[in-house]
Each structure stands twice: as structure tokens, then as C-alpha cells.
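See structure below.
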């Protein structure tokens, strides 16, 4: 607790509000807020957790809105338990019992989700200050790259790891998120994830149950009550409330679904096609605003989450987020693959690279 209070104080000194200007672009690890802008399309990010804080774009009538859920201050992000917009890792989602075996050695991780490890542990990549390696706002395709050296033994994971995240805008109305990592000296599992919550009507506009969703996924990973793939089974979505192969309102069958211990989607889909190739993952549209987004990625699975645990949660601009106020499209490798040899391996050997690309294509 004392360490958290000290960290909070230091971050408050570095950036007391999201109005702070860009800082630390020479590689210093100051906490800053950085804007990328192309006309009426813009995003703000911070190196606290390599986090996406906002994305503003027009609707069909030209009205601008921020479609990303988030917080007003860096201090609030420090205490955030909802994972608003960060990169999570070294291994995202859950690891059963906070342990795994690699090359005959048992590794015990920091457990922050009951008896399991969630999103890399209590101080995963979402809870660290990343270094700004490049910030190029004035070009045809503005971008920023964050860097983090994860040390051997951090949260229990083996080996030193270099991680990079780049956010890039391009025309028309496209956001690229590019995650890369290299194992330096020991084999280690890697599975990074971007955890932004979207509401295409605007971040304070109520729930997303009326958004229509199409997923390019004909199978899903069967998860238990702890949201772990304990059986190792993958099953067809056909005939289940998880079937979004044709555009369907998010709320149409949500009452039939339990995301762990609460009603709502917290489901892991196996994306159709080959994981190494960029391919369509999801299409979402808000009819009232006309805004839509199409996601392409090169990962094996995607976690679709509907903000089931949001409850009177303080958000940006005086807004309060409640259940289903946003949705996530979290592309990644298989959940708990380190404990399931039937799933594709996520282990990097020294010198090997990890590559995870996401492209969000917006329209209105």
C-alpha cells in the first residue's frame, strides 16, 4: 500500500490532469499525455500503461464525440481497476492458479484475480511507466512508439523482455495499434492485449446494447465460471447466444449469457482464418450516430467483453459508467495457453520476436 501511495504521488506531480502537454519525448520516463491528430480525427495516449485515453471522430451529421471510455486524470488511472485503455501483459487474460511449467521449471506468478493471475499480475504492463521512443505528430501518418523493458522475475515471469507499442493514425479515419516484443535471455510466454472500451455513440451516452455486432468467428473457447478454458475445448457458436456471424444487436441475447459470475458477454472467440495473417475480426455499428468500426488483426482469438462489472464508475467529463456502457474487442492468443499444450504455444525463445497488429477502420 505504501508503494502504491508513493507511486501515486510521483505520478500526480508528473501529470496532474489530462490537459498536460507531451513530455519526455527524448526517452525520459516522465508521465505525459500525447495527441495524434488528422483533421477532425484525433487520439490521446499516455505512457502510463501505454494507454489509449480518447478517440474523437465525427458522426453522420458532423458532430464530434469521444468514443473511448476513460478517466479525467492520471491519478485516477493509477487506481483504475477496470483496465480503461491500457496494454496488458506480459501475458494477458487469466493464467490458472497463477502458475505454469516451462522447460521443467514451475513458475509462480503474482495472483490478482482470486487464485488466478489476470492481465500480467497486480503490476502488469498496465501499471508501469513506458518510455517514449518516438513521437511524430506532424506527418502524413502521425504516430507514437512506447518502449518498456520487463525485467527477469517481474510478476514471476522469466527472462528480460523488450516490448514496444506504436499507435498510428492514417487516412481515412484509421487507427493502427502495433505491439512487438523480443525475449532477450530466457524462454518466456508473451501475449499482449489492448484493453480499450468503445461506445460509438460517445463515451457518456449510456449502454451499447443497441450497437449491432458482427464477428468473423464460427467457434469459441469454452470458459468455466472463472473464465478459464479448463476443459481445453473449442466449440461452434452456431445455436448459441455467442453467435454474431450475422449483424446482431449486442443486447439481443445478452440476458442468456453469463460472463463468469455476472450477466453479459466475457467470451473468447476463435477468429476465422490463419492467425499469422491480417484478417477481419469484427464490425460494430451504432445506428443513431452512424458511426461504425471494423477491426482487422493477426491474432488467434478475441475476447469480447461488455463492461459487465461497471457500476456507478466515475468516468471522464463528469460522466458515470454503468453496466454495458462500453465493449472491448481484445485480440490475442488463446487464454491460459501456458497451461494447455493443445493450444498454440506463446513461448518466445531468446532472440525471437512477438508481433501483434490491430487496425481499427472507422466510418460514419
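Backbone N, Cα and C define each Cβ position, glycine as well.
No curator has checked TrEMBL annotations; they are predicted automatically.
The signal peptide annotation in TrEMBL covers 1-22. Annotation source TrEMBL lists beta-D-galactose binding site at 195, 196, 197, 266. Positions annotated as active site, proton donor by TrEMBL: 195. Among the features that TrEMBL reports, active site, proton acceptor is placed at 330.
Proximity of residue 195 (beta-D-galactose binding site) to non-local residues of its own chain (separation of 6 or more, Cβ distance below 8 Å) is seen for 83, 84, 85, 86, 87, 88, 92, 119, 126, 328, 330, given in sequence order. Highlighted in sequence order, 83, 84, 85, 305, 307, 326, 327, 328, 329, 330 have their Cβ within 8 Å of the centre of the Cβ atoms of 195, 196, 197, 266, the residues recorded for beta-D-galactose, and are not part of that set. Across the residues annotated as binding beta-D-galactose (195, 196, 197, 266), the two Cα atoms farthest apart lie 14 Å from each other. Reduced to three states, the DSSP call for residue 195 (beta-D-galactose binding site) is coil.
Under the three-state DSSP scheme, residue 266 (beta-D-galactose binding site) falls in the strand class. Packing around residue 196 (beta-D-galactose binding site) is summarised by its Cβ count: 27 other Cβ atoms lie within 10 angstroms of its Cβ, all protein chains included.
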